[in-house]
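In what follows, a structure is listed as structure tokens, so that the remarks can point back to it.
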Amino acid sequence: MPGIVVMGTQWGDEGKGKATDLMSERVDYCVRYSGGNNAGHTVVVGDEKFFMHLLPSGVLNPNSTAVLGNGVVLNLDVLADEIDALRGRGVDIPHPLISANAHLITPYHQTLDKVTERFLGSRRIGTTGRGIGPTYSDKINRMGIRVQDLFDESILRQKVEASLDQKNQILVKIYNRRAIDPGEVADGLLAHAERIRPYVVDVARVLNKGLDEGKVVLFEGAQAHHLDVDFGTYPYVTSSNPIAAGACTGSGVGPTRIDRIVGIAKAYTTRVGEGPFPTELCDDDGERLRSEGGEYGVTTKRPRRCGWFDALVVQQAVMINSVTDLFLTKLDVLTGWERIPVCVGYDIDGERTDIMPVTQSDLHHAKPVYEFLDGWSEDISTARSFDDLPRNCQAYVRRLEELVGTRVSGIGVGAGRDESVVINDLID
């Protein structure tokens, strides 16, 4: 049975939660492998909306075990609140399995994240202020605190004190902030130790054993390809590897265990925060997309920047991630447009290119070259097969397939769990 990666092909907020939830009924393990509570997933079940920041979307399926891999950075307060909130709404979820090697977000990581963004001013990255970047920085600098450290109080306190010896110097002398008490930080972390102890496991062994036994393992990426720290629009990126390859390093399974890679793409494009965005619309069309698409961040509540579908952006992600199937979301938002532009190339200082440029300088100068496709006016929210879609809508999907270089296997035609068109089975 397969290992399946679900990952975003644009700049996040593509609707990965919807696709994951759709597949989760047939999944044994649903794994988050990167990022932290800077991500936001929305799943609509009936009349209820569920917002999750840390737990994988598959947690709403009682037959699927949620897993937080070593590539995730954990805010234990957020994890506890999220679990309690879901249970408070009557969702009977087991506690997720947690990698002993996952790193912990502390209050000083969050403080550093916020004051650094303020200090940068107009040069800011546009982070969520959740402490994600500073936590990954400590991980790379070998100063991080891991989940397993919770179970050795002496080690934990030593690590917190050593880290704050340095960070308090920065906070006090550079940012003019008060020093953070290492004892308070350690006490706050240790308060979670006994609650999570039963769920801390060797995630790599659990997942590999499951795959050996024929279980279905779904790896749910946070953020998206173009926010990847290596392949994204650097420096306007996240601090981890949400690309498909990150599923291996962030959970402990080898690349040969991955059988299918499902890329998620909106039928148009959005972005939150700073960074280049060639097809961005700063006019009434952009406001219409934002309004009709409900484009406000789950985590930050910030209005998302909106623009037309950029085939070069998605094609790049399809290539680097070896995407086998594309799930196209929010196609219904485009209903009612007489003509729909699709970016098929860039004009960079008078030169035409049909692929994403190598340098960020060129991307910042890129002007979109559009192809115009006929729109449709029919309501598509009740479509459940590809043939149910209007002819022009079908033509739009087929043209996107040609441009990005992979097949569209699923389409979101509304916010609800059942408002989807499945063209090709995403698991078998």
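Backbone N, Cα and C define each Cβ position, glycine as well.
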Name the residue, out of Gln158, Gln223, Gln316, that Swiss-Prot lists for the same IMP site as Asp13, Glu14, Gly15, Lys16, Asn38, Ala39, Gly40, His41, Thr128, Arg142, Thr238, Arg302, please. Gln223
Out of Asn38, His41, Thr128, Arg302, the recorded positions in the record, which is closest to Leu331 (GTP binding site) when you go by Cα distance? His41
Can you check which residues sit near Gly15 (GTP binding site), meaning Cβ under 8 Å from its Cβ, same chain, 6 or more apart in sequence, and list them in order? Ile264, Lys266, Phe327, Thr329, Lys330, Gly412
Binding-site residues compared (Gly12, Gly40, Pro303) - highest count of Cβ atoms within 10 Å: Gly12
If you measure from the C-alpha of Gly12 (GTP binding site), which of the binding-site residues Gly40, Thr128, Arg302 fall inside 10 Å? Gly40
Near His41 (active site, proton donor) (Cα-Cα within 10 Å), the binding-site residues in question, chosen from Asp13, Lys18, Pro303, Arg304, Val413, are Asp13, Lys18
Compile a sequence-ordered list of residues in the same chain as Arg302 (IMP binding site), six or more apart from it, whose Cβ lies below 8 A from its Cβ; state 'none' when nothing qualifies. Val272, Gly273, Tyr296
